[in-house]
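Enquirer: Below are the features I grabbed from Swiss-Prot:
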- 1-30: signal peptide (SIGNAL)
- 31-199: topological domain 'Extracellular' (TOPO_DOM)
- 44: N-linked glycosylation site (CARBOHYD)
- 79: N-linked glycosylation site (CARBOHYD)
- 152-193: domain 'EGF-like' (DOMAIN)
- 156-171: disulfide bond (DISULFID)
- 157: N-linked glycosylation site (CARBOHYD)
- 165-181: disulfide bond (DISULFID)
- 168: N-linked glycosylation site (CARBOHYD)
- 183-192: disulfide bond (DISULFID)
- 200-220: transmembrane segment (TRANSMEM)
- 221-229: topological domain 'Cytoplasmic' (TOPO_DOM)
């Protein structure tokens, strides 16, 4: 058996440490921007931390609770001095729980949560209403310093209006208090009345012809102005 060279181990250890550091940095850089929008990390006693620690295969990174695929399931932006959730907020549309308490939020948040169909717990400052109101949540509980919206309702099951969507469309939830009508397979256009696949070739052909016509018109106008000046 060949003698073991201690020098090779000395060389290997720093290399392995550098590799682990590089992988850690790469993972940190791969975090969605919303997770690092606010300095610090998820507070240990927050509901987001409790959800993440009591659900298997979830982990806390910065302000997010992620699964092993990197999908955001929890977001804790409490006490971040936010007047609005910010342009990256929709990166968290897969969340089950969000904490926004202790922020000076302003304006109506109704459309802020469009697409957040999995959201089940939303913690807001006490002065901010739950998006969609009582019709969008099973329970709304107000406390001295926050308001908790719990159990997002499926408005498509609660509207009681079968004529809300056209004949060839169906109702689909689109976030708290929001819904949309989606055309059935094979239908598209206004009120889902057009049948057959949407022709991209025709669309881009019309778009190209229109753009060309406008360009020629502008060019001719500029030449006319140049001649008269």
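Including glycine, each Cβ sits where the backbone N, Cα and C put it.
Remember, it's a predicted structure, so these values are computed and weren't measured experimentally.
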Enquirer: Give the three-state DSSP assignment (helix, strand or coil) for residue 156 (disulfide bond).
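Expert: In three-state terms, residue 156 (disulfide bond) counts as helix.
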Enquirer: List every residue in the same chain as residue 183 (disulfide bond), at least 6 positions away in sequence, whose Cβ is under 8 Å from its Cβ.
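Expert: Set apart from residue 183 (disulfide bond) by at least 6 residues yet with Cβ under 8 Å, we have 168, 169, 189, 192.
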Enquirer: For residue 157 (N-linked glycosylation site), what is the tally of other C-beta atoms lying within 10 angstroms of its C-beta?
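Expert: Cβ-Cβ neighbours of residue 157 (N-linked glycosylation site) within 10 Å number 9.
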Enquirer: How far is it from residue 44 (N-linked glycosylation site) to residue 165 (disulfide bond), counting Cα to Cα, in Å?
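Expert: Cα-Cα distance, residue 44 (N-linked glycosylation site) to residue 165 (disulfide bond): 45 Å.
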Enquirer: Quick one: what's DSSP say for residue 79 (N-linked glycosylation site), helix, strand or coil?
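Expert: DSSP assigns residue 79 (N-linked glycosylation site) to coil.
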Enquirer: List the residues of the same chain that sit at least 6 positions away from residue 79 (N-linked glycosylation site) in sequence and have their Cβ under 8 Å from its Cβ, in sequence order, or write 'none'.
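Expert: For residue 79 (N-linked glycosylation site), the qualifying residues are 101, 102, 103.
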Enquirer: With every protein chain in view, how many other Cβ atoms are within 10 Å of the Cβ of residue 168 (N-linked glycosylation site)?
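Expert: Step by step: centre on the Cβ of residue 168 (N-linked glycosylation site), count other Cβ atoms within 10 Å, giving 18.
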Enquirer: For residue 171 (disulfide bond) and residue 181 (disulfide bond), determine the Cα separation and express it in whole Å.
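Expert: Pair distance, Cα basis, whole Å: 5 Å.
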Enquirer: Enter the number of other CB atoms within 10 angstroms of the CB of residue 156 (disulfide bond).
Expert: 17
Enquirer: Would you mind checking how many other C-beta atoms are within 10 angstroms of the C-beta on residue 165 (disulfide bond)?
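Expert: That number is 21.
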Enquirer: Please identify which of 181, 192 has the densest Cβ environment, defined as other Cβ atoms within 10 Å, among these disulfide-bonded residues.
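Expert: Per the Cβ count, the most surrounded site is 192.
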Enquirer: Limited to the domain 'EGF-like' (152-193), I'd like the whole-number average of pLDDT.
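Expert: Per the prediction, mean pLDDT sits at 84 for the domain 'EGF-like' (152-193).
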Enquirer: Provide, as an integer number of angstrom, the distance between the C-alpha atoms of residue 181 (disulfide bond) and residue 156 (disulfide bond).
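Expert: Each residue's Cα considered, residue 181 (disulfide bond) and residue 156 (disulfide bond) end up 10 Å apart.
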